[in-house]
Amino acid sequence: MTTTRQRRVGKGTEASEDQPSEETNVKPDGKIPSGPTGGKLWNILSITVGGIVAISLGLLTSVYVATLHENDLWFSNIKEVEREISFRTECGLYYSYYKQMIQAASIQQGLHGLVYDNKTESVRTINILERMNVYQEVFLSILYRILPIQQYLEPVYFYIYTLFGLQAVYVIALYVTSWLLSGTWLSGLLAACWYITNRVDTTRVEFTIPLRENWALPFFAVQIAAITYLLRTHLQPVQERLTLVAVFIATFLFSLTWQFNQFMMLIQALALFILDCLDMLPTAKVTWLYIIQVSGLLLVCVLQFFNSMILGSLLISFNVSVLIARTIQKNLKKGGFLSRLGKLILHVLLVLFLTLLINKFIKKILNLESDEHIFKFLKAKFGFGATRDFDANLYLCEEAFGLLPLNTFSRLSSTLLFYVYGFVLFLLTVAAVIVAFRNLSGSNQAQLMEKMEECTITLKPDAAYSLVHTVLFGCLALSTMRMKYLWTSHMCVFASFGLCSTEVWKLLLKCVHLYTSQRTQVIKYSIPIITLLYIAFKFWPGIMDELSELREFYDPDTVELMNWIKSSTPNTAVFAGSMQLLAGVKLCTGRTLTNHPHYEDKHLRERTKQIYQIYAKRSPGEVHGLLRAFGADYVILEDSICYERRHGRGCRLRDLLDVANGHIMDGLGENEPDLKPSLYPRFCEEIKKNLPSYTMHFTRVFQNKTFHVYKLAKHK
């Protein structure tokens, strides 16, 4: 098992256009520069300083995570095989295609090897560019080959430094989004500091470098920043067109780099739909965003050789349904409150019906089943019936796909982030409910203006979008821990914006009858500065200690296994085993695999279930037949899976296999009444006894404390 250990000594646009006039050109100390020239100069100076701070924080974040990665693994000192093993599970699979492109005789041969790949899945030729989101590896490998840097920078460093560099883009995008929302770069500074001090819950890039989300989330943050700017009022036509181009490019890059893009953008589309129905966003801009989402996804579909999973995505069906429903119900935003509410309910039902109808039709035409495991998982997760489906239970039993642990909130609260977030969320939710009710009330323009003067509760379109965005992604994070990184990063933006927002403090002070313009400005700047000082005082020593802690990579058993495979097996050998381990086998040795961790294919899921019978209660003849059907020459058994203790009874891999096979699980505890005892003992345990019934099919050729490798007999 991969781990680390202590190193042994001696081993070789500032304010938005629609801001109230009282907050224009305000200095951090609350004073307003006198005269138009002074105000313009101050704006230029403020934007310059804010931009420099943003870039500096982005670069510092990149250096910070790169240093943590080096300190944790001693990456610069370990061997190449150890570096590659450190890319765990699917990370190793993705990086292997970068390595493959680098080592190819030419770019053309490298691309040909990806399009006609017969080493990732034995006895089957697949198109890697269609099946997986690896265009970033292709682009990076080509860039490395054509740039004159080979003598100065190893391929692995070019790769990881690019990912760490994207963290700079990520932090700058968060900074800019908060700045645009609040009108002051102090808000961006606070957002970036919260992102860094809550690193455990905002990113995992330093130990899962090639993971798809580490490529995609920086582009998603850029897209959100561009949408925030687009939703400002009084934009010039040129500004609006350029912003739409920026949104499209960011959406396209986000979609290209992560296979789960469609689900994230579906949530984003739901946020736009809710706000458009409540008349809180300009309909024309929302329409453009729908079109951009669909066009970006379709462009990715073309690049991925018309990947059917993209065509059958709920996002495309939903966006098309919204546009169709809107043309059918042209008078949706006219009439009194009850009339509009009734139309709105019908509109929602119509969109839901059309979405399901269109999606069902597309999947029927394309015979699409690639994403069925996701819906099985969701059905079981939210209590719509228990399932014995192996794939669904495999997800259900993983901690990453469980509920968000409660200790997450205690960590976020230690930096004051969660407290501020809750405070801002409550205030803006109340404001949003009032504004939504007012928009649906059907009052004429004169009455509306009169009401706005009386209650002074308004919610700008960009703030409204940020509110619904954080609520929906918060629900996603609470239900699925792995998705928390989409929420916590935006939590930093949302909390810092609220703390530095004139509107938030103005609303609060008016509620307690303490409002004055000067008092609002003083609070707007003083509280964020006090918060920053608190964060610096409390967390700076811990960050310094973290940066001074030196560890090293230590996984001798896996290193020994990989070296043995490279030296003692033919290049054409086919290996069977766990998905996670085989990804490392492909990267470190280049051998052919029977299965791998990229699970978005029905045939691969069925194949994996068959391969995993090595951990079930099956006869040696059955297991041998299953493995040989997929061309396996060797099978790797792992004690950590065969004798698993990480999960409780019912969630161990062997338990999932037993239930799926209709067998009673091991150990004390209840079993479902229709489960029967198996006629055979557990294969991974019994094979180690070297009984004749096993040795006639399998010969042990390698063994250490963790792994057992058996060569399969080739019976006629």
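Glycine is treated like the rest: Cβ placed from N, Cα and C.
Heads up, TrEMBL stuff is auto-annotated, nobody curated it.
Record features (TrEMBL):
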type     : residues : note
REGION   : 1-34     : region 'Disordered'
COMPBIAS : 1-10     : compositional bias 'Basic residues'
TRANSMEM : 41-66    : transmembrane segment
TRANSMEM : 179-197  : transmembrane segment
TRANSMEM : 217-235  : transmembrane segment
TRANSMEM : 242-258  : transmembrane segment
TRANSMEM : 264-281  : transmembrane segment
TRANSMEM : 312-329  : transmembrane segment
TRANSMEM : 341-362  : transmembrane segment
TRANSMEM : 416-441  : transmembrane segment
TRANSMEM : 462-481  : transmembrane segment
TRANSMEM : 487-509  : transmembrane segment
TRANSMEM : 521-540  : transmembrane segment
Inset, instruction - Can you tell me which of 217-235, 416-441, 462-481 gets the most C-beta pairs within less than 8 Å of the transmembrane segment (242-258)? - result: 217-235
Legend entry - Spatial neighbours of the transmembrane segment (487-509) far in sequence, C-beta under 8 Å, 6+ residues away: 19-20, 22-23, 170, 174, 177-178, 181-184, 186-188, 190-192, 194-195, 198, 201-203, 217, 221, 224, 412, 417-418, 420-421, 423-425, 427-428, 431, 456-460, 463, 466-467, 469-470, 473-474, 476-477, 515-516, 519-521, 523-525, 527-528, 531
Legend entry - Cβ-Cβ under 8 Å with the transmembrane segment (179-197): same-chain residues at least 6 beyond its ends: 13-16, 19, 23, 26, 28, 46-47, 49-51, 53-54, 57-58, 61, 64, 171, 203, 225, 228-229, 232, 415, 417, 462-463, 466, 489, 491-493, 495-497, 499-502, 524-525, 528-529, 531-532, 535-536, 539, 543
Legend entry - Same-chain residues at least 6 beyond the ends of the transmembrane segment (341-362) whose Cβ lies under 8 Å from its Cβ atoms: 273, 277, 311-312, 314, 316-318, 320-322, 324-325, 328-329, 331-332, 335, 368, 440
Legend entry - Positions on the same chain near the transmembrane segment (462-481), where near means CB under 8 A and six or more residues out: 16, 177, 180-181, 224, 227-229, 231-232, 267-268, 270-272, 274-275, 280-281, 381-382, 399-405, 425, 428-429, 432, 435, 487-488, 490-491, 493-494, 497, 501, 503
Inset, instruction - Grab the same-chain neighbours of the transmembrane segment (416-441) for me: Cβ-Cβ under 8 Å, and only residues 6 or more beyond its ends, written as numbers and ranges. - result: 194, 198, 278-280, 336-337, 340-341, 344, 409, 448, 451, 455, 457-459, 463-464, 467-468, 470-471, 491-492, 494-499, 501, 504, 507-508, 531, 534-535
Inset, instruction - State the non-local partners of the transmembrane segment (264-281) in its own chain: residues 6+ outside its ends, Cβ under 8 Å from one of its Cβ atoms. - result: 220, 231, 251, 254-255, 258, 289-290, 293, 297, 313-315, 318-319, 322, 332-333, 344, 347-348, 351, 432, 435-436, 439-440, 459, 461, 464-465, 468-469, 472-473, 476, 486
